[in-house]
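*Asks:* Before anything else, here's the structure in question.
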Amino acid sequence: MVKEPAKLLILYASQTGNALDAAERIGREAERRGCAASVRSIDDFDASSLPHEDNVIFVVSTTGQGDTPDSMKSFWKYLLQRNIAKNWLEGVHYAVFGLGDSGYQKYNFVAKKLDRRISDLGATAVVERGLGDDQHPSGYEGALDPWMSSLWNMLYQINPKFFPNGPDFVISDTKLINQPKFQITYHEIDEVDLQSSSAPGLDHVLMQTGRARSMSPGKVSHIKNIPDCFLKMIKNQPLCRAGCGKDVRHFEFEFVSSIIEYRVGDVLEVLPGQDPAAVDAFLQCCNLNPESLITVHPIGMESRHCDAEGNDYKVPIKLKTFVELTMDIASASPRRYFFEVMSYFATAEHEKERLQYFASPEGRDDLYQYNQKERRTVLEVLEDFPSVQMPFEWLVQLVPPLKTRAFSISSSPSAHPNQVHLTVNVVSWTTPFKRKRAGLCSTWLAGLDPQDGAYIPAWFGKGSLPPPPLSIPLVLVGPGTGCAPFRGFVEERAIQDVSGSAAPIMFFFGCRNQENDFLYKDFWLSHAENGGPLSVARGGGLYVAFSRDQPQKVYVQHKMREQSQRVWNLLVEGASIYVSGSSTKMPSDVMSALEEIISKEAGVSRETAVLQLRRLEKDGRYHVEAWS
């Protein structure tokens with residue numbers, strides 16, 4: 001096979017879109033220096049053809065507790081095959097850039113293990129792996145900029161043909177902004193088949209959602225365009241005492257379209273609605289006609305009528321509907337490239353200068369403070385730079401996609417047929433400049449009135465907490481909304497436990513105050529009595545840490561240490577451990593407490609206890625679901 005010289009293949013594995021942004025940026029910077037680059041999602045690449053590539057850049061994110069992004073799972077499985085020769089990738093040059101968060105225990109774990117594996121298979125690293133950190137004052141870009149600089153220099157040393165004019169030469173500004181990647185076609189009313197608009201309510205919403213999202217540039221590959229089902233809210237119940245400073249809600253939904261079979265431990269992904277006033281303000285700000293009928297497709301794909309799921313690209317949709325269902329205009333912050341493209345369309349000189357500064361390496365930290373730290377939205381940024389009139393093609397490409405939000409399901413389908421329940425913290429915070437911000441999806445859900453009967457697009461997915469068999473004892477640790485999946489676990493076991501043969505459950509819950517935020521208090525207490533799954537009589541128990549009800553802070557790990565022997569007894573009986581909740585310190589504090597418990601009760605060294613916990617992980621008896 002003839003190898004093309006001096007071309008870069010950039011493969012990315014993204015869960016939320018950051019790795020895609022970083023990969024596209026590397027691709028743009030390479031092309032600005034005269035090097036051809038191809039950017040592809042790793043699940044769109046045949047792993048068996050890797051040895052035929054000369055130069056590959058991997059951009060991979062780490063999710064949860066060191067997990068591989070969904071799009072990378074089959075690629076990684078292929079690389080781990082035992083029959084692959086040691087020198088399989090000999091002659092391939094590669095580089096790895098990882099995106100992670102040093103607040104997590106397994107920081108950039110995926111990038112580190114990919115780097116090791118590619119190297120073990122005989123490939124040559126061009127440059128030391130780069131590790132982007134969300135905790136850095138400039139986010140992952142703090143590490144990406146210097147890493148790219150080293151990458152260009154090392155590639156030039158390997159083969160000067162990469163950069164015909166040297167690694168520091170950049171194509172002049174006038175040629176910098178290429179054509180946008182997407183084309184908008186506007187349709188006259190009489191061109192359009194209006195059958196769809198006369199369809200019944202639910203079918204019409206389903207069609208519109210699938211059509212808009214199939215045309216969206218920001219599709220995340222593991223989520224289908226068409227929702228699995230639509231839900232209707234039937235209960236919106238606050239779980240915290242009014243005025244306590246926290247707002248956690250219990251939501252109950254009914255299936256209004258097809259019923260999806262789910263299991264305890266699964267997750268529900270919800271597409272949030274956007275504030276109509278914000279959508280109208282965006283359309284006005286950008287001089288867009290909300291009633292225009294449009295189709296959106298990648299340039300060069302005009303002849304292709306359907307996407308992989310068979311969704312029709314050719315059937316037009318109202319521009320306003322497309323914005324509502326696909327473009328996050330009032331929640332997510334735009335990327336650095338957004339400011340760069342804006343600078344080309346700014347007509348006021350002072351605005352152009354400020355945007356150019358923001359897009360430059362010197363302005364990186366100031367942009368991070370203005371944009372990400374303050375969580376400036378697309379709408380706010382456009383309102384701050386009123387002279388900018390970006391064409392809709394560019395807005396479609398650069399406005400962050402409206403993403404689904406994933407929540408742990410907090411019900412058992414056996415206990416609530418035709419229903420699914422969620423336990424949601426209604427997110428709000430204050431920025432460094434004292435601006436009030438609110439989570440898009442949680443605030444939207446909290447504002448829904450069950451009487452309105454709104455259709456909610458939803459997708460079901462496997463969580464990282466597999467449903468436990470009835471015969472296995474459980475040690476559950478779930479402070480705050482981390483208790484959500486365990487409500488489903490307990491409901492399920494209570495229903496299955498007709499003959500009293502189910503194994504016991506120890507549950508460690510944590511909150512601030514007994515009076516303010518003891519979520520589902522009556523539920524847990526009822527199952528801890530009369531021989532229920534959480535009862536001490538059965539070998540289980542409910543242990544609650546109220547962190548602020550006494551002078552010293554008490555957390556779940558303190559309660560676990562107090563019950564050291566009982567925890568150990570259940571582990572000896574073959575118990576599985578499930579940990580769910582905030583990713584900050586809790587998972588590592590819980591792991592540390594378990595190490596202590598094993599060391600103390602088994603009479604072994606701390607090192608041996610660590611190895612025993614690792615064995616539990618390997619055997620599928622230790623599961624963590626954590627979020628930031």
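Heads up, the Cβ atoms here are built off N, Cα and C, so glycines get one too.
From TrEMBL, here are the annotated features:
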- 8-152: domain 'Flavodoxin-like' (DOMAIN)
- Ser14, Gln15, Thr16, Gly17, Asn18, Ala19, Ser61, Thr62, Thr63, Gly64, Asp134: FMN binding site (BINDING)
- 226-469: domain 'FAD-binding FR-type' (DOMAIN)
- Arg375, Arg405, Ala406, Phe407, Ser408, Gly439, Leu440, Cys441, Ser442, Trp627: FAD binding site (BINDING)
- Thr481, Ser547, Arg548, Lys553, Val554, Tyr555, Val556, Gln557, Asp589: NADP(+) binding site (BINDING)
*Asks:* How many Å separate the Cα atoms of Asp589 (NADP(+) binding site) and Leu440 (FAD binding site)?
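*Replies:* Per the Cα atoms, Asp589 (NADP(+) binding site) and Leu440 (FAD binding site) stand 30 Å apart.
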*Asks:* What does the structure give for the C-alpha distance between Val556 (NADP(+) binding site) and Ser408 (FAD binding site)? Integer Å is fine.
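*Replies:* Just about 20 Å between their Cα atoms.
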*Asks:* For Arg548 (NADP(+) binding site), what is the tally of other C-beta atoms lying within 10 angstroms of its C-beta?
*Replies:* 13
*Asks:* Could you work out which of the binding-site residues (Ser14, Thr16, Ser442) has its C-beta surrounded by the smallest number of other C-beta atoms within 10 A?
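*Replies:* Each of the binding-site residues Ser14, Thr16, Ser442 was scored; lowest Cβ tally within 10 Å is Thr16.
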*Asks:* In whole Å, how far is Thr63 (FMN binding site) from Ala406 (FAD binding site) when you measure between their Cα atoms?
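*Replies:* Answer for this pair: 13 Å between alpha carbons.
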*Asks:* Nearest to Leu440 (FAD binding site) by Cα, among Asn18, Asp134, Arg548 (binding-site residues)?
*Replies:* Asn18
*Asks:* Is it possible to get the count of other C-beta atoms within 10 angstroms of the C-beta of Arg375 (FAD binding site)?
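*Replies:* I count 14 other Cβ atoms within 10 Å of it.
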*Asks:* Starting from the Cβ of Ala406 (FAD binding site), draw a 10 Å sphere and report how many other Cβ atoms land inside it.
*Replies:* 15
*Asks:* Within 10 angstroms of the C-beta of Asp589 (NADP(+) binding site), what count of other C-beta atoms is obtained when all protein chains are considered?
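*Replies:* Result for Asp589 (NADP(+) binding site): 16 other Cβ atoms within 10 Å.
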*Asks:* I want to check the contact list for Thr481 (NADP(+) binding site): same chain, sequence separation of six or more, C-beta distance under 8 angstroms. What comes out?
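*Replies:* In sequence order, Val248, Ser408, Thr423, Val424, Asn425, Leu519, Gly581 meet the Cβ cut-off.
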*Asks:* By DSSP assignment, list the helix, strand and coil residue numbers for the domain 'Flavodoxin-like' (8-152), in that order.
*Replies:* 58 helix, 35 strand, 52 coil
